[in-house]
Amino acid sequence: MFLPIFLFELKYRLRRPATWIYFGILLIMGALVTAAAGGIFGSGVNVSLSADGGHVKVNSPHSISGAIAVLSYFGLLITSAIMGNPVYRDFEHRTHSLFFTTPITKAGYLGGRFLGSFVICVLVFTGIALGVALGGVLPGVDATKFGPYHLSYYVWPYLLFVIPNVLFTGAVFFTLATLTRNILSTYIGSVLLLVAYLISQSFLRDLDNITLAAMLDAFGSGAIYYTTRYWTAAEKNTLLMPLSQYILLNRALWLGVAVALLAFCYARFQFSAFASDKAPSKKTRAAAALAEQVAAPMGGRLVLPRVTQFFTNEMNLRQFWSLTKLEFRGIVRSVYFVAIVGAGVLFLFVTGWQVGKVYDTTTYPVTNEMVALLSGTFSLFILIIITYYAGELVWRERDAGVAQITDSLPVPNWVPFLSKLTALGLVQVVLLAVVMVCGILLQTAKGYFKYEPGLYIQTLFGLRLVDYLLLCVLAMLVQVIVNNKYLGHFVMVIYYLTGIFQSQLGINHKLLDYGGSPSTPYSDMNGYGHFITGFTWFKLYWAAGALLLALAANIFWVRGTDSAFTRRQAEASRRWGRPAWTALALGLLVMLSAGSFIFYNTNIQNEYITPKAEEKQQLSYEQKYRRYKDMLQPRLVAVNLRTDLYPATRSVDIAGSFWLKNRNARALDSILISVPIGAKVRQLSIGQPAAKLLLNDSVLYTRFYRLARPLAPGDSVEMTATLHYGETGFPNSGSNTSIVENGIFMNSQAYLPGFGYREGAELSDDDVRKRNGLKPKDRQAPATDVKALQNMGLSQDADWIRFETVLSTSADQLAVAPGRLLKDWTKGDRRYFHYKMEQPMLNFYTFLSARYKVYKDQWVDSAGRRVVPIEIYYQPGHEYNLKRMAAATKASFAYYTKHFGPYQHTQVRILEFPKYQSFAQSFAGTIPFSESIGFIAKVDPNDPEDVDYPFYVTAHEIAHQWWGHQIAGANVQGETMLVETMAQYSALMVMKQEYGAHTMAKFLDYELNSYLNGRAFERKKEVPLSKVENQGYIHYRKGSVVMYALQDYIGEANVNKALHSFLEQHKFETAPYTTAPALVAEFRKVTPDSLQGLVTDMFDRITLYENRLTDASVKKLANGKFQVSLTVDSKKLVADSLGTERPAPLDDYLPVAVFPALGKDKKPVAPLLLTKRRFRAGTNKFEFIVNQEPAKVVVDPYHEFIDRVQKDNVKEVKL
Amino acid sequence: MALTITNLSKTYANGVQALKDVNLTIPTGMFGLLGPNGAGKSSLMRTIATLQDADSGSIMLDELDVLKDKDGVRRVLGYLPQEFGVYPRVSAEELLDHLAVLKGIGNSKQRKEIVESLLQQTNLWNARKKNLGGYSGGMKQRFGIAQALLGNPKLIIVDEPTAGLDPAERNRFHNLLSEIGEHIIIILSTHIVSDVTDLCRNMAIISQGQVRLTGDPLTVVEQLRGQVWRKLVDKDEVAGLQAEHHVISSRLFAGKTIVHVLSDSRPDGTFEEVNPDLEDVYFAQIAERKSAVLA
């Protein structure tokens, strides 16, 4: 019985146009993403498959597998359409009574229908692979981005993922639709699958739930992630997805679930005409009872009371409201609404619980974080509801079969349409209220009671709601126009997808992006600030746009039974009357006037530049000015400014003198000046008599001056400049976040003139350079480049400068710049501060201003017999971690002055700045610190998982006063090792001192993981630490691991000795600047011969270890002690810049530790034994005696070596 | 008051010509529109009920142009479509009240009165709080007529109301219709001849989009007197008879077939004269049409 049904299903499906349409859609999507990644769209468009790129080929097995996997997730919609249908359609078309009465078997019927559809579904999904393959051979793609083609690269992801996933999701949809006999249940199925997927995704970054996250996700993306997360370009280009433990377990689990579901479906399915034939439901019984109690006919006339009908506008409004209530109740009472919202709320709680995780440590659930996280999380569910219910609303009467009655009622057309739209809008209000309630509940559950209902309301009902309402109008219009519910849903999904690729499609101006507006970032310091203005104007513009859409929807609203398009047009023209003209005129008037005002703001008051045009500008800068790269230029030696900050108007005036000195051996006569972007130059002149302005390139912000007389070697000349900054109106995007009403944070490199050609302004990405006809560019010169040694990494136009400024701001704010505060005074409504540096500093300074409160502390320098005041300028309300930060500052000063040398300033200031950016940065004695990375961190001292990162970040930034502000490396490879790696090391040592060595494992685990992740996404080349080219994953992450290991191996004292000696030689030195090899040489001086190889592995090579504890056991000895035996498989590898590995001889001492059981508090414990043993390649066996009962044996317990699989370095042992 | 339909034609997008030059004058009282399935009855009903447009022709309700002033028609219209559903999880009372609002009955007291009165008169009073999803076919149909009677309709259109009802429910429904009154226009479209016989003072027969016959049922039946003849034959003789005579209907009776033949005089001695009824009129019209098509 099976075969004929199966074959019929196949034939039926193959004849359906939908099958081929689905196939075509997937094929086109596959081809598009591949072609886009292959560069078919040219400049300005960057697309990569699964974040590959650089050296990873577009048709590498990893990229193909990623593209196929992601597109197959979108294919879920198709699976639900295909797999929900096979049995359901018999119910839908009422053919089930025909089929169920034929002598077919249940297995044959269900099996044939399921397998037939499943085969079709897989066939449809092959469209992806075909598209992905075809996309690579389209004309216009860059052939060099493609490697050799292998069929297996395309087939393997299908065997491993696509087919099992279709089987599983297909089983879900099939079972749901077959057993519930309701196609809507497949929607719920889709939503639940999505939520499970999202929840598992949210666990991915958490290092402690790896197996859970890999198993939870039915699509296997978690398993893929954990299997390939550390893959380098070389591996991505060549390896098929291995059958890792994660993948095997995941596949087995979900295939099992699929089979179980199908078995359940088989068991529960019955050949009966009704979903429940057993006992009539209460409802049916009641109806039967009612039918019987019908009274006898009345006889005589039907007498009805007279009524008055009103056909007034007021009555129409009442009808509108009555309908709105009915529609609203219809939505919120429907089981699907409750299910979707329920799933969303569940997801809200899962994500909301982990608010603001950094280093696995959450932040306080402050309202702005909560509301941003939750409304972002929930938006997906809101989109689903809008899309789905727009269709339901438009089709409600027709689906229920009452359309003919309601359509012939004496209500104007606008009443049904507008009431449905209003109901959908009201649903959005309800949904956002749900978000608000969840947020408050979460805050309460986390013991946080500083609710800010005003902020909730402002964010949810002031900002988000507007977007959703606009979307409601669009969704309704689409449903009305296409007049097919499912097609309408599909159109909306396409619309959402194009939203993602907007920039690629060339839609950059928000005037073209329906509902678009500039972003509205929030900061506790600055609220929504000035961003609201642009937002409001754009939303007004789009509200008028929505009015036009609503008008169109109303005009084309289907009323009556004839919905042929020509009829609808005729009907539309009949409906077009005075009110329509009025609405059209009003909509157009508002759109035009608001649009013009916006255009004036975005394109005339501000510069509007597309990514493409920006790329071209960078290109033209390089083409025009690179020839002056080696032109002799003077060096900046002194800056004296008068800086006036006007927070209320978001403007800044800078006037001052800049002394330039010719440090070259020859005289020079021309000066190339980079005017800061966005500056209005009121005045700029050089020398007496003034230099001649030869060229003023206002597009590329470059000026050329010819000095009146050449500047002789050793001579200086003064430049004076008056600059004005101020954003007039609002830009399309990227409104200035540095100059704001509360929380100005300006950086000299962005706001003050520079001298000479700026290599940093060139296009840097190799792919981008290539498509612009440029050669690839090195990130930094090698340490042997004599010319490059003349500049420090941080600024190329100055060495050490003298600095002084009189800084003013509004009377209610405090303003800070580097230097000692000589004087402060108030005059009128302005407050003045005079800062002056007591010794030269880097050409790198900052101005900050806000309504700060100041937390004061001090550090007593017993050696230098002085007191260094500590000031933390913070936003009132952010008191949480002030003490920690002050403690970190003191501990840092104590450690650094003792081991590295004296602190050069007379004070230190930490200043909070708005979270438009999230970093902390060290200027001379001045440390701006983002509100988002420490001020609101919630470090639970009792939670062993928490890392005290406010403490760590503070220690790191304080360390920069030595590493960065005393040692400035030359602008060559390895420069950031001198600055960032040493700051990491310093902070690690302070943390170790504060919290104990045994607490470092968690932190180093993070660093190691970040390094491994980072190298997987390297686009150009990975280099050893001593050659680092400003790569964060190397100088911070690998730097931490390496330096921690170094101090463990050669001793903290020896490392500090080397650092001290290095500082003594190089601090405040001028050109030629020092380099990383010089520091490595210092380390070698304090390293015994036996460990010189280790230093090479750490700094000069990319070294990887593969240690695996294969066996560990424990035995109690007669003397009461315990003998631990272990076997370790070991391997050492050396990788090249692309990640190609070759084995290296292993003969190193590696740390091995034996730990006791954890205490009740689960906090890290000190090991019973920590020793270093000699490891050789292959199998190593060790035996130890410990005094206490051991619980765990670990190789490399503190993550001092790079090992991609940490899990197998640990084994529990039991007696 | 009268509804005048002049030269009304309608062709659907798929090429089916539903109405061909329809001319009808419908006076007050119950008007029966009789025709087989697919004759164009519903198309005509829907056109009058403002749910679809005609290609040409006009419909006038006295001075009111039905095709142009749709709102005007809707204000005086009560419409019970051929097939309709209900919101399953809303009670009859609730939905009726809601529809009353949409019919413009703004005074809540009046609305309450009319809703209650209608529920009582349609015998739905006891079931008024029940969700409509639980209603039987007959109850649903009575609810349908109740909603059509909301307001003070001057024009009521009832499209195939008794299809699918059991005889008892059908009776109840007829009684209800008959009580509505003579002073407004009620158009009853049906393919069941006895519906018209029982209820209507005026009627039209429509087939393949065209009006075949209009008039008072009694008159049109009378016009056929002396022209309808009957014969009881075996099944295999039917084909022969059809070739020789104008057979208008044949139906089985006790294993044999009764054939009705239309003829000005008795065809031969084996035929006996029949007292014609509306069914004969109906079949005569339909059969004429069929033979015309065949020829």
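Just so you know, glycine gets a Cβ as well, placed from its N, Cα and C.
Marked as transmembrane segment by TrEMBL: A:20-44 (among others).
For A:64-84 (among others), the entry in TrEMBL reads transmembrane segment.
TrEMBL lists A:114-138 (among others) with the feature transmembrane segment.
Annotation source TrEMBL lists transmembrane segment at A:158-177 (among others).
When Cβ-Cβ distances below 8 Å are used as the criterion, the transmembrane segment (A:184-204) is approached by residues 73, 76-77, 80, 84, 169, 172-173, 176-177, 212-213, 216-219, 221-222, 225, 336, 339-340, 343-344, 346-347, 350-351, 354, 380-381, 384, 388 of the same chain, each at least six residues removed from its ends. Annotation source TrEMBL lists transmembrane segment at A:184-204 (among others).
The transmembrane segment annotation in TrEMBL covers A:248-269 (among others). Below 8 angstroms of C-beta separation, residues 87, 106-107, 110, 114, 160, 164-165, 167-168, 170-172, 174-175, 178-179, 211, 214-215, 217-218, 220, 222-223 of the same chain, each at least six residues beyond the ends of the transmembrane segment (A:248-269), sit close to that stretch.
Here TrEMBL flags A:331-350 (among others) as transmembrane segment. Packing against the transmembrane segment (A:331-350) from elsewhere in the chain are residues 184, 187-188, 191-192, 195, 198-199, 202, 374, 377-378, 380-381, 384-385, 388-389, 392-393, 423-424, 427, 430-431, 434-435, 438, 442: each is 6 or more residues past its ends and has a CB under 8 Å from a CB in it.
Per TrEMBL, the feature transmembrane segment maps to A:371-390 (among others).
Here TrEMBL flags A:421-442 (among others) as transmembrane segment.
Look at TrEMBL and you will find A:463-482 (among others) tagged as transmembrane segment. Here the transmembrane segment (A:463-482) has Cβ contacts under 8 Å with residues 375, 379, 382-383, 386-387, 390-391, 393-395, 417, 420-421, 424-425, 428-429, 431-432, 488, 491-492, 495, 514-515, 520, 528, 535, 539, 542-543, 545-546, 549-550, 552-553, 556-558 of the same chain, all six or more residues outside its ends.
Feature annotation from TrEMBL assigns transmembrane segment to A:540-558 (among others). Below 8 angstroms of C-beta separation, residues 413-414, 416-418, 421, 466, 469-470, 473-474, 476-477, 480-481, 483, 511, 514-517, 568, 572, 575-576, 580, 583-584, 586-591, 594-595, 598 of the same chain, each at least six residues beyond the ends of the transmembrane segment (A:540-558), sit close to that stretch.
Here TrEMBL flags A:579-600 (among others) as transmembrane segment.
Annotated domain 'Peptidase M1 membrane alanine aminopeptidase' per TrEMBL: A:889-1072, in sequence order.
Listed as Cβ neighbours of the transmembrane segment (A:20-44) (distance under 8 Å, sequence separation of 6 or more from its ends, same chain) are residues 53, 58-59, 63, 67-68, 71, 74-75, 78, 81-82, 123-136, 138, 140-142, 145-146, 503-504, 610-612, 615-616, 767-768, 771-772. Contact count against the transmembrane segment (A:421-442) (Cβ pairs under 8 Å) is highest for A:371-390, out of A:158-177, A:371-390, A:579-600. Taking every recorded stretch in A:114-138, A:158-177, A:579-600 and counting its Cβ pairs under 8 Å to the transmembrane segment (A:64-84), the highest total belongs to A:158-177. Within the chain carrying the transmembrane segment (A:114-138), a Cβ under 8 angstroms from the stretch's Cβ atoms is held by residues 5-10, 12-14, 19, 22-35, 38, 40, 58-59, 64, 67-68, 71-72, 75, 78-79, 82-83, 85-86, 146, 149, 154-155, 157-158, 162-163, 166-167, 170, 174, 262, all 6 or more beyond its ends. Residues 65, 68-69, 72, 75-76, 79-80, 82-88, 114, 117-118, 121-122, 125-126, 128-129, 183, 185-186, 188-190, 193, 218-220, 224, 241, 247, 251, 254-255, 257-259, 261-262, 264-265 of the same chain lie 6+ residues outside the transmembrane segment (A:158-177) yet bring a C-beta within less than 8 angstroms of a C-beta in it.
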